[in-house]
Each structure stands twice: as C-alpha cells, then as structure tokens.
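Trainee: Got a structure for you, questions after.
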Amino acid sequence: AGRALAALLLAASVLSAALLAPGGAPERGAESARPRDLDKKRHVELKMDQALLLIHNELLRTNLTVYWNSERCYHCLFQVLVNVSQSRRAGEPSIAAVGVSAQHGSILQLKATEEEKEVCRLEYKFGEFGNYSLLVKHVQDGVDRIACDVVVNEDPVDSNLPVTVAFLIGLALVIAVCFLRFLLSLDDFNNWISKAINSRETDRLINSELGSPSRADALGGDSQLEAWGPAAVPQRLRCVDTFRGIALIIMVFVNYGGGKYWYFKHSSWNGLTVADLVFPWFVFIMGSSIFLSMTSTLQRGCSKFRLLGKIVWRSFLLISLGIVVVNPNYCLGPLSWDKLRIPGVLQRLGVTYFVVAVLELLFAKPVPGSGASERRCSSLRDILSSWPQWLFILLLESIWLGLTFFLPVPGCPTGYLGPGGIGDLGKYPNCTGGAAGYIDRLLLGEDHLYQHPSSAVLYHTEVAYDPEGILGTINSIVMAFLGVQAGRILLYYKDQTKAILLRFTAWSCFLGLTSVALTKVSENEGSIPINKNLWSISYVTTLSSFAFFILLVLYPTVDVKGLWTGTPFFYPGMNSILVYVGHEVFESYFPFQWKLGDDQSHREHLTQNIVATALWVLIAYILYKKKIFWKI
Ligand SMILES: *[C@@H]1O[C@H](CO)[C@@H](O)[C@H](O)[C@H]1NC(C)=O
Ligand SMILES: *[C@@H]1O[C@H](CO)[C@@H](O)[C@H](O)[C@H]1NC(C)=O
Ligand SMILES: *[C@@H]1O[C@H](CO)[C@@H](O)[C@H](O)[C@H]1NC(C)=O
Ligand SMILES: *[C@@H]1O[C@H](CO)[C@@H](O)[C@H](O)[C@H]1NC(C)=O
C-alpha cells in the first residue's frame, strides 16, 4: 500500500506539473487580457469563460442599448447588456466595455435606446479572455445603412487545452501501464517456458497449488462461468462493480467542479452533459446489485422477513445519511429545521432502493436453471417471469405521465416542462419544473428545497427547485428497475454469454429508439426532452440505453475474457457509500482543495479536481487492500 501511495502521489504530481507547464503561454495571454491601466469607465474585471467586448458607437444621433442572449437559452428574453451613448463628435466614437460570456454563442441585439428600434442584430462566438470590438457606424454603399462588425483585437486563449493535455496524459498512463503489464506477462511466460522445459512435474504442482484461475482465463472464462452451476451461489460480477466505480469517479470529479467547464457541469435545463450521465448510471447499477445480492441471499436460505428488515434499515440509513451528514452546510451554522433541504441524492437512492428491493422481494422467484426442461419460452423468460413487477412499474410510469401532463398548476400552463425565469419569453417566471416543482413546493415547502437549481444562471429562475424532488423519484425507480432487468439477464443466462450480449443489445436499441421518438433527437423540440432536473422519461430511456451498452462492453471484457480487471474503477466501486459520503464531507479539506493562485483559471481548477479525484481512487484502493468496506 505504501508503494502504491508513493506511485500515485508521483503520478499526481507529474500530472499537475504537466498541466501547469504547457499552460504557461496562454496564461500570460490571459493576464494581459485583464484590464490593468484602463480608465475607470472601461475597467472590466473579466471572469472565467468571459471575453472583453468594447462597443464603439460612431453614430452621432443615436444612443444605443445592447441586448444579449445566449444561443443555448431556449426561447429566452433578451437581457440588457450595456448602454452606449451617442458619439459626441464625428471620428470620436463613444466606447463602452463589457464582459460577455464565451461559453456558447452569443446573440447581440442593438436598439436605439429612445425609439426602441432595432439597429442591428448579430450572432458571434466569443473566445475566453479574448478582446473584441464591435464597431457600429454608418456606411454608404449605394444606400445609407448602419453596419455592425466584430473585430478581434486580441486572440482568445484556448480554454480546452488543459482538458486535452489531461486527456493525453491519462492516455499515456494507460498505455504505459498496459505496456508494463505486457512485459510482466512476458516474464511469466518465460518462467513458464523454462519450467515446462525443466520438468512438467513442477508445473503441475504449481498449477494445482494456485488453483488454476489463469487457465480458466486462457480458455475464455466459460468454464469458470459454468462452474457456478445452476444452484451454486453466484460470484460477484466484476463488471457491475467496475461500472459502479466508473459512475462514482465521474460523479466525484464533476461534484468537485470538473475544472469549471460547462460540459462537466449540469445542463441548465434540457440537454445532456457529462455531469448528467452519472447519477442515473449509479441508480441503474444499484438496481442490478439489488437483484444479484438478493438472489444470492435468498439462495443461502435467508428468510424474506429478515431481508425485509434489512431493506428497511438500509433505506433508513441512506436517507438519514443524506439528511444529516451530506446535506447541510455546517459552515453556515448548526443544523436547523427552518432551512433544511429534505430531498437529495442519498435520499433519492434510499427511497428508490426501498421501493425496488421490496418489489423484488415480494415477487422473488428462484432463478431457473439452464436445464432443457425450461426451453419452452426461455427466450423471454427474463421478462415473463417478472410480469407483476413490470405491471407495477408501468403503473408508476403512468402516474408520472399523468401528474406531469395533467396536474393543473395555479398560474402555469398544464403540462409545462420548462425552466421558468426568462425562458418561454418570460411568460411563466415562477413555473420552474411545472408539476414537479409545484408538488415539491406544496408538500415540502420552498425552504426545504434546493435553492440554486442549475437553471438559475442561464434562465434567471428565482424560485427554489429541487432536481431530486418527489415526482422525479418515480423515474429513478424505473431506472433502477431497468438495472434489475440487467441483473436478471446476467443471472438467468449466466452460462450463455451470447444470450446475455444479445439481450443487452436488444435493450440498448429498444430504449435508444424510444428516446429518439420522445426527443426527436433534439435538445428542446421533442415531446419530452431529455432533462436531468425533471428526470424526464426520455432521460431515463437514454441513460439506460447507454448503461446497457456499457454493460455490453464491460461484461465480455471484464468477466468473460478477463482482458481488463476494471482497475482502477473497481476499487471505488467496491466502497461506493464511503467514497460518496467521504468526498462530500471532506470536499473543502486540504488535499482535496487548496487556495488557487488564479481562481479564474480552468487549468488550476482542473488540476485540483483531478488530484482530488485521484486521491479518492487511491483511498478506495488502500481500503480494498486492507479489506475495509463500508456496507450499509
Ligand atoms: C483591447 O483592445 C483594445 C484595442 O486594441 C485596446 O485599446 C485595449 O487596451 C485592449 N484591452 C485590454 C484589456 O487588453
Ligand atoms: C442620448 O442621451 C443623452 C444623455 O443621456 C441625451 O442628451 C440625448 O438627447 C440622447 N439622444 C437621443 C437621440 O435621444
Ligand atoms: C440603459 O438605459 C435604460 C434607459 O435609459 C435604463 O433603463 C437602463 O437601466 C440602462 N441600463 C444600464 C445597464 O445602464
Ligand atoms: C414570482 O415570484 C416572485 C417572488 O416570489 C413574485 O414577486 C412575482 O410577482 C411572481 N411572479 C409571477 C408572475 O407570479
């Protein structure tokens, strides 16, 4: 463990050094883009993801008001950016300086302040820390008209360079590790050759002493799978833990800030970013684990009643952990009821776990063997054997659809799915989340919800909205149940790799096509857009389609062929509760966070977040080696 620690710290320092080094040049550029000796009027303190825009008004008799909107803000009201007064004398434009967002394309609309008449409108994608001028002047090419042109004074920095560098370093590390492993295996191979030549007897001795896991691997692992036998207790499936670890590690990274890149943050409203992927995957894999572990517990002869007790206790622990340990911000003062957030990630996991586990427990059936007697409708037995559960899930889903689209919400259109605020041209500012938001505000109260929904920045929503609210929990139960289905496939067809892969493919395609139908492959135009804040059903089908696809890749590589052990994701996957609670609680403690030299630099944030995430992988590895697991 000590050696591993040293190696990982070394890797982390190499990584941070490498991340800091190539950024040197852009950083200087960024420094000079910060105004230093400008007169007061033009002094703009640029933040991350902003560009400097100088608006030159050369018009003699028109005061201008500049309005701004982001390309990503769907059906939004324009916001006043700045006023530029009329030019005092010909050839002496009046200039206003302002910071504009460089994350997405901008739409600028210039209007005459007094007449409210549009002078011009343009779309432009500004770059981070760039320096731009917008020249507004009369031109005479036949007709007299007003021209608005953007001129680049100083080039922007390449914001994505740190991500590229980090990715290349990661890739290099993976290649290095693979190469090392290859060399080691050559060594083994050499030893084996020399021993085989020396005496066949020693070889047999070694093999029998070590058991022969390596031989099973060499045969493609099928013999190992058959060894489970129909009645045998199933082994832990490594691909499930690996998948859970992948989701968890991305979750830690994005929760720590993800280098403050927009694609590592949650979508403002509709849409899908890296950060939106992980929570549903986690729920999905929890569903698979529920099925796998419940089946093995029941096979070991545990009574259903005792299992029910365990389920209740676990859900209770998850929910209390979420409310008491992870949820409150203890820096703001002691825990108090007035402002306590009731919903949350662990709370949702707890409720989802409870519903799905009880549902599976009620209708649990022994896993059929692969005997010939079962052949009759064996191709669908994973679905047919669980028809009561499916019925229940369909019922739940119709409740979600019914409430979402038919619940009358005072002051809002029925079936509203938008973000409120300035969205939908500002017509429904307080309708954020439609029925889902209304139900939470009604049942839990505004003060007990999340106060900073991701739509607050782009859509200027002011009401509280909780992304882990009550209505969305229905769809998280559906997601977990699809995970149960994946687990069922893995157990029902455990000795038939082909059957498993076929089913994963079928589910992935079916769910993918459902999403295509619901969203029309568009961010905002479909009948039910993908939305993490609402956990819309298209979000669930899309993410579970991806999840089945990932299992389709992981199951053969990790469990059947043993080409990859799932390192390093496997370790956090084995200790998920500890890593989740730990990363939340120690978020602002030293090795995970430190004071940045320049807190408006993506590079420094990215370095910090990668180091913190790597530390959690390391911690999980050490705990795994010491056989410490936090199971609840
Ligand atoms: C931006 O460019 C303009 C025109 O070249 C220049 O006058 C101004 O000083 C620059 N601003 C900054 C902050 O570099
Ligand atoms: C523009 O604003 C100035 C003062 O803010 C005002 O004196 C002037 O009349 C305005 N111009 C027009 C065309 O309204
Ligand atoms: C711009 O001018 C308008 C009208 O005079 C005023 O209402 C608004 O507050 C001004 N906006 C800014 C950002 O100065
Ligand atoms: C929205 O809520 C705010 C504060 O809660 C209130 O001031 C405002 O009038 C409301 N707007 C509408 C359109 O109901």
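Cβ from N, Cα, C; glycine included.
According to TrEMBL:
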type	residues	note
SIGNAL	1-20	signal peptide
TRANSMEM	161-184	transmembrane segment
DOMAIN	236-357	domain 'Heparan-alpha-glucosaminide N-acetyltransferase catalytic'
TRANSMEM	245-263	transmembrane segment
TRANSMEM	278-299	transmembrane segment
TRANSMEM	311-330	transmembrane segment
TRANSMEM	350-368	transmembrane segment
TRANSMEM	389-409	transmembrane segment
TRANSMEM	470-493	transmembrane segment
TRANSMEM	500-517	transmembrane segment
TRANSMEM	537-557	transmembrane segment
TRANSMEM	569-586	transmembrane segment
TRANSMEM	606-624	transmembrane segment
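For each feature listed, report its degree of burial, its nearest neighbours and the pertinent distances within the displayed model.
Mentor: Long-range Cβ contacts of the transmembrane segment (311-330) within its own chain (Cβ-Cβ under 8 Å, at least 6 residues beyond either end) map to 340-342, 344-347, 349-351, 353-354, 357-358, 361, 577, 580-581, 584-585, 632.
With a cut-off of 8 Å between Cβ atoms, the residues of this chain six or more beyond the transmembrane segment (350-368) that come close are 230, 283, 286-287, 290-291, 294-295, 298-299, 304, 307-308, 311-312, 314-319, 322, 374, 381, 385-386, 388-389, 392, 473, 476-477, 479-481, 484, 491-492.
Only residues 6 or more beyond the boundaries of the transmembrane segment (389-409), in the same chain, are considered here, and those with a CB under 8 A from a CB of the stretch are 359-360, 363, 383, 415-417, 431, 434-436, 438-439, 471, 474-475, 477-478, 481, 484, 534, 537.
Through the fold, the transmembrane segment (500-517) approaches residues 382, 482, 485-486, 489-490, 493-494, 530, 538, 541-542, 544-546, 548-549, 551-552, 555-556 of its own chain, all at least 6 residues removed from its boundaries and within a Cβ separation under 8 Å.
When Cβ-Cβ distances below 8 Å are used as the criterion, the transmembrane segment (537-557) is approached by residues 237, 239, 242-243, 246, 272, 276-277, 280-281, 284-285, 397, 400-401, 475-476, 478-479, 482-483, 486, 490, 497, 500-501, 504-505, 507-512, 514-515, 518-519, 526, 528-531, 563-564, 566 of the same chain, each at least six residues removed from its ends.
Within the same chain, residues 238, 240-246, 248-249, 251-252, 255-256, 282, 321, 325-326, 345-346, 592, 612, 616-617, 619-621, 623-624, 628-632 sit at least 6 positions outside the transmembrane segment (569-586) and bring their C-beta atoms closer than 8 Å to a C-beta of that stretch.
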Trainee: Please count the residues of the domain 'Heparan-alpha-glucosaminide N-acetyltransferase catalytic' (236-357) that DSSP assigns to helix (H, G, I), strand (E, B) and coil.
Mentor: 89 helix, 1 strand, 32 coil
